[in-house]
Amino acid sequence: MLRIRRRFALVICSGCLLVFLSLYIILNFAAPAATQIKPNYENIENKLHELENGLQEHGEEMRNLRARLAETSNRDDPIRPPLKVARSPRPGQCQDVVQDVPNVDVQMLELYDRMSFKDIDGGVWKQGWNIKYDPLKYNAHHKLKVFVVPHSHNDPGWIQTFEEYYQHDTKHILSNALRHLHDNPEMKFIWAEISYFARFYHDLGENKKLQMKSIVKNGQLEFVTGGWVMPDEANSHWRNVLLQLTEGQTWLKQFMNVTPTASWAIDPFGHSPTMPYILQKSGFKNMLIQRTHYSVKKELAQQRQLEFLWRQIWDNKGDTALFTHMMPFYSYDIPHTCGPDPKVCCQFDFKRMGSFGLSCPWKVPPRTISDQNVAARSDLLVDQWKKKAELYRTNVLLIPLGDDFRFKQNTEWDVQRVNYERLFEHINSQAHFNVQAQFGTLQEYFDAVHQAERAGQAEFPTLSGDFFTYADRSDNYWSGYYTSRPYHKRMDRVLMHYVRAAEMLSAWHSWDGMARIEERLEQARRELSLFQHHDGITGTAKTHVVVDYEQRMQEALKACQMVMQQSVYRLLTKPSIYSPDFSFSYFTLDDSRWPGSGVEDSRTTIILGEDILPSKHVVMHNTLPHWREQLVDFYVSSPFVSVTDLANNPVEAQVSPVWSWHHDTLTKTIHPQGSTTKYRIIFKARVPPMGLATYVLTISDSKPEHTSYASNLLLRKNPTSLPLGQYPEDVKFGDPREISLRVGNGPTLAFSEQGLLKSIQLTQDSPHVPVHFKFLKYGVRSHGDRSGAYLFLPNGPASPVELGQPVVLVTKGKLESSVSVGLPSVVHQTIMRGGAPEIRNLVDIGSLDNTEIVMRLETHIDSGDIFYTDLNGLQFIKRRRLDKLPLQANYYPIPSGMFIEDANTRLTLLTGQPLGGSSLASGELEIMQDRRLASDDERGLGQGVLDNKPVLHIYRLVLEKVNNCVRPSELHPAGYLTSAAHKASQSLLDPLDKFIFAENEWIGAQGQFGGDHPSAREDLDVSVMRRLTKSSAKTQRVGYVLHRTNLMQCGTPEEHTQKLDVCHLLPNVARCERTTLTFLQNLEHLDGMVAPEVCPMETAAYVSSHSS
């Protein structure tokens, strides 16, 4: 009986093994193994026979198999087996974004630590290696599926302006695309830039529009990303990235009835995780990127990790992951997309056959595909495809077919299509290739990849971090464009706030004639969106193109100002009095942050006189969803002015002189000059959440009771008189010396003889913390590669700017004090108002060619090689200074701030404009101010950067003790601002808007709007409030984007007594829904029409519908 049981057990075990081995054979025909082992199928029957005679042989076979696997794993194979893949948990409640360190397969900061960054010649793939593949990897049941994707990259401004490109190139490309796609049903084409497509479509006749909709509907023409532009990812703010995406996708939905879910970013110079964050929350499923460091491409390719699930650095659950495809080679042009050998791939760019004026740099031209050569040409091309496929995990391969402004001529369409169709026909018909090739779209490729994933071919790794700073070869790091053309970068941030304010102010009401408001808002959104282009805000376009961007943004600023002042008058004038006049300017906007040139005389001066105009109404607007108290200033014609609210309650004010700085050619110094006709009045305004507050300025015949006057001290040798008109305090003079200043209960700041900050004392009983400001300059190399608009290639460490003994102006008042100094190329001002000091640099690099000016802060903070910079104003990421990389590689984009810290102290520099910066030594921060370069850096621009304009940079400096704060683990890749730093950043990017009433008397004026609005928690912001429907619609829809940042908790947590419910900000709500960030897809109908609370580091969108 025992023998029978043994025999029965043997039969059962043998049967199971037979089943498992059969399944193994079937699956092996369907999917390749991750390793390069070749199974010996001829021995399978012998093995089964042996198993039937006894299981004792099984153990020996398993030992042999393990030995073979060990041998394979020890081979010198550049492609290593994939790592274990972290699985994403289901979304749940709010994540702990501080204490829980996210677990991912690839963390970019850790990867940078491990990588050697050795630039080894890889052969035909210079930055890679000699790829080999198993010729038996594919079979009839497991073919290589190749999608050849025709595309044309159209820059909305670079060498030519938007309109020049459109007239010369883009309209011809799109016109021919319509014709050839309509006539050739198998042909496909993808398009990214909706700014161009919208321009083209609106010029079409009705029949052509119907044809266009037809080829979109049948999938021949596919829109990728669908943004207004393909945005820069380094300097852009996340709100502007979302703005241009919404603008483009809204147009596509309205006119084409499509919403892309696959993104295509082939040309931005480095990639930010902010992009997948916004895309994923806008309904995207997949994205593609190209420009990443060549060493990163090689490292990920070796691991077959070029396709991954890109997570946010705080995400420990996978809620934010977006599937991402990274292109493996040098460029997105045809020579670098079919495979690793550009000499071979160039032969399959049939526009380079000679008649088009293009050729292959490798001296082997393409040939027309014929019956005589199709076999040999197919062998050559399939070999490249299969080598490229080795870098990815599935049997699906993407082959982009295009370049800048391609497919312009009819003949180009024909020559590419006909030759590839001949290749496809031959390749697909030859069984030995085991390849199925066709024209396709990006979405078709991703669909096939995920189908292979579901079939069990592959699991994809998780990755977190960013892809800055980009290098395309050797030590050519693209960190110069973080600063190039800073005047226009500054303009971008000013316009960003104006668009937000104009949309918010106009969303509260709908009134007759609203169409004119809507037109101006659309104009402003589209011009700001256009500037997000990766040759716009980057400062990497030709001079006349930069001028065009500037003019467009100036018009956008005017459009916003028109909307804002009309809306303020509507909101603060009693309904019984209000009568709209859209051609009239009810208010003048006053902004000391702009113009970017810092020319103070361009600001409006309020003319007051007892007989002419004894008083003037001024209004402040707060775009933030909580009460704000902030100092504001105006220019007035008399120093004897008092301030009251509309109920005639006095407000404490301070008057100071208005100073301008001038070059003295004789003494070669920069010195101040006081105005004799205008003065600054400063007072603290209190403004409701997302609301308005009115104040009144009134002239007096003498010093008003509640107005104080600042004293002024000029520290210089050989003083001269400085008349200040009616100002009641004379200027005092003194020899250069160190000084200290404090306002109210704020910190005490100590300054050197040269007017530069030396130290900060946080409280009167605490020690001074050294914080030394310095100005330095970088030079350029005398030979070889040189710095230009894109590249930062310094000739060594920065050298000090010779300051000499500059003139220092000290202004001291109850509400505001300041120290100003005229330095070579910079008028540097430190302003104290009782909190974090404000730094203003009026930078004029003049004619200092091949010079890059930097501001450096030196402290005793023991920060080591760690510092933090922000990404697109959305998040802060940990950086590590790497000595194995050159100086320029350790420079990063600083869109809104950076900080260093040790166990006790943190120093944060917040910036009101995007620039480049770093921490090149422990305890240091530095940020570039401007760069003037005579040479082209050989990246296609064809010029240097010599069109510099004076620019006003504004910063806030926050020094604080953090020893009692809850901080992330040392292993966490994210950093978070404190409450004080967050508020300082908001004051830079979204200050109070200031309006001066244009008329002498305001009949029906109301003192406030928004006093009944709920005040949100300090970490929550209503980043977007926009009317989505035309004013004529019966049901009005308003969209909101809420963002909640995570603030580092220090001390007692803030109590939140009020909850912000955007669904009920406007009356008569009929419906409220949670949507994608672009407002185009409803995700959830909110029962009870109450918006749920937003989690830390989350962004959510809602649309409320209201009856008119």
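Quick reminder: no glycine exception, Cβ is built from N, Cα and C everywhere.
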Of the candidates His488, His497, His509, His534, the one that Swiss-Prot places in the Zn(2+) site of His153, Asp155, Asp267: His534
Cβ-based isolation winner (fewest other Cβ atoms within 10 Å) among the binding-site residues His153, His534: His153
Those binding-site residues listed as Asp155, Asp267, and which of them has the most Cβ atoms within 10 Å of its own Cβ: Asp155
Asp267 (Zn(2+) binding site) in three-state DSSP notation: coil
Rounded mean pLDDT for the residues that make up the topological domain 'Lumenal' (31-1108): 93
